[in-house]
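Here is what TrEMBL records for this protein:
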DOMAIN    10-93  domain 'Response regulatory'
MOD_RES   61  4-aspartylphosphate
């Protein structure tokens, strides 16, 4: 088995509601290969934590206070064009 195949998938969770982050963390960490390495409550914090942790995947709400999730996504993509970001929202369009 390669080192990459045995390494955990490192995730950054981004949502302004702590209870939502807690729920996602609980669900994700039930999977053996997934680990949450950091959590952010807003876009600016998400960008800083991405720079610090270089996660494999970002799971991000697009509706965040201050800097929007879309702006944070743009900033992360400027830093790392290959960033893997899963965007979600509970708002109706």
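Every residue gets a Cβ built from N, Cα and C, even glycine.
Around the Cβ of residue 61 (4-aspartylphosphate), a 10 Å sphere holds 26 further Cβ atoms from the protein chains shown. In the domain 'Response regulatory' (10-93), helix, strand and coil residues by DSSP number 33 helix, 21 strand, 30 coil.
Mean predicted confidence for the domain 'Response regulatory' (10-93): the pLDDT average there is 92.
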